[in-house]
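Asker: The following feature annotations were taken from TrEMBL:
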- 42-404: domain 'Deacetylase sirtuin-type' (DOMAIN)
- His193: active site, proton acceptor (ACT_SITE)
- Cys201, Cys204, Cys270, Cys297: Zn(2+) binding site (BINDING)
- 235-255: region 'Disordered' (REGION)
Amino acid sequence: MTSSEGNILESISSMIRIPYTAPFPPAIIYPPTAIGKSAGVTALQEFLLAPNSSDRTSKSRTLVLTGAGVSVESGLADYRGENGTYRLNKKYRPIFYTEFISNHEARKRYWARSFLGWPTMRNARPNKSHMAIALLGATGLVHGIITQNVDSLHHLAHPQFTSSTINPSYRTIFDSLAHPGLPPLVPPIVEIHGTLRHTACLTCSFLHPRNQFQHTLEYLNPAWTEFLHNAQNKDALNPNTTRGERIRTNPDGDVDLPGAPYTKFRYPPCPKCLSEGGVEVDKDGAHVPCLSGGDYCTKKNTKGILKPSVVFFGEGVQSNTKNAADQLVKDSERILVIGSSLAAYSALKLVKEVARRGKGVGIINIGGVRGEAEFFEADSGPRLRLELPAADVLGDVVEQLEGRSIDWAVHPGNLQFGESISGLGG
Ligand SMILES: [Zn+2]
């Protein structure tokens, strides 16, 4: 292959989400002494507080990039195990974009699995990592968050969404996040693989809150609803359960359920498109793609099809999302990768760009990271490589900066900062 062919392939793959399952080489810890938690905390603090190369008077501008690893403590699965190998069931294959768009049966299978996976995703709460990152954002040490996760946990921990307790106010916050028109977040959160909070109509782009969509799925699928309730009663959806058989929820919010009768599952069309006509439904309102055989009723007709607002495998990252991520990269002095093996090229590319600009790269991840050796070849910016639990290290760093212990069960919006942390870097 010529170098130009390689560049073309790289530029194409940079826009498309592609699963990558190969193992990665082991981590090379930096600084080499940062093996234990205490040394790791010191190293992370130095990385965050390193002076800016261009403007030494302003606050440190660290961009945080997170992956599925930060959500594991919230009870959500990671794609990779502790040794960095792909640990999902080998028979599990995520749905691809073209399948979902073109195939009614594939959509039934996807929505059935998503229907069962949603309560786990819906009930997940931010953990210490999300809280610590949110607090670093509130102090100005972190100036932006790019996440590969579709679980909204960074949003739920964001200081802008104040709440007196974790529960049940979070439900209100979560539902409000499904609606567009909210003021811009400071610091911003860019979800490069989208979100499960809402579904989007492929025809008219109408956004529909996922939680309301779940209620419609319940109505259309009473037998599945009974199955779901039974599974919940048996605690089978709890990732930490030790009782009976566990139903695993994948990071994208669907479950493994081999042999399930997906073909009987029903899902609704976009309510807006339905009201305009040209969309067929059965007597209960479930989407029927080819009932009448009319002009609009061809196999590839997607009028009124609702898709979760996530970037499926084989699908491109939206251009406005990509532009927002690029802008954060340009404005940052360094990037800190947390809980990601950078298996997705869309994420890897961002880190490569930071390194290419001669800026600092830090990684906190259990297990190897794709292409990490090349990030540390140039000694042009602060660097960090830890293989320690992110929540512990991040939490300790925030507590040391603040000079006191923090109740991590309290929402960041309700925490009062002391002089020590709020005055840092200014
Ligand atoms: Zn529509």
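Here, residue 1 is simply the first one shown, and the rest follow in order.
Any Cβ shown, glycine's included, is placed from N, Cα and C.
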Asker: Hey, which of the binding-site residues Cys201, Cys204, Cys270 is the loneliest by Cβ count within 10 Å?
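Answerer: Looking at the binding-site residues Cys201, Cys204, Cys270, the Cβ with the fewest others within 10 Å is that of Cys204.
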Asker: Tell me whether Cys201 (Zn(2+) binding site) sits in a helix, a strand or coil according to DSSP.
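Answerer: In the DSSP reduction, Cys201 (Zn(2+) binding site) maps to strand.
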Asker: Expressed to the nearest Å, what is the distance separating His193 (active site, proton acceptor) and Cys204 (Zn(2+) binding site) at their Cα atoms?
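Answerer: On Cα coordinates alone, these residues lie 20 Å apart.
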Asker: According to DSSP, which of helix, strand or coil covers His193 (active site, proton acceptor)?
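Answerer: His193 (active site, proton acceptor) sits in coil per DSSP, no helix or strand.
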Asker: Give the three-state DSSP assignment (helix, strand or coil) for Cys270 (Zn(2+) binding site).
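Answerer: Note: Cys270 (Zn(2+) binding site) is coil by DSSP, not helix or strand.
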Asker: Let me check the 10 A CB neighbour count of His193 (active site, proton acceptor). How many other CB atoms are there?
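Answerer: If we count other Cβ atoms within 10 Å of His193 (active site, proton acceptor), we arrive at 24.
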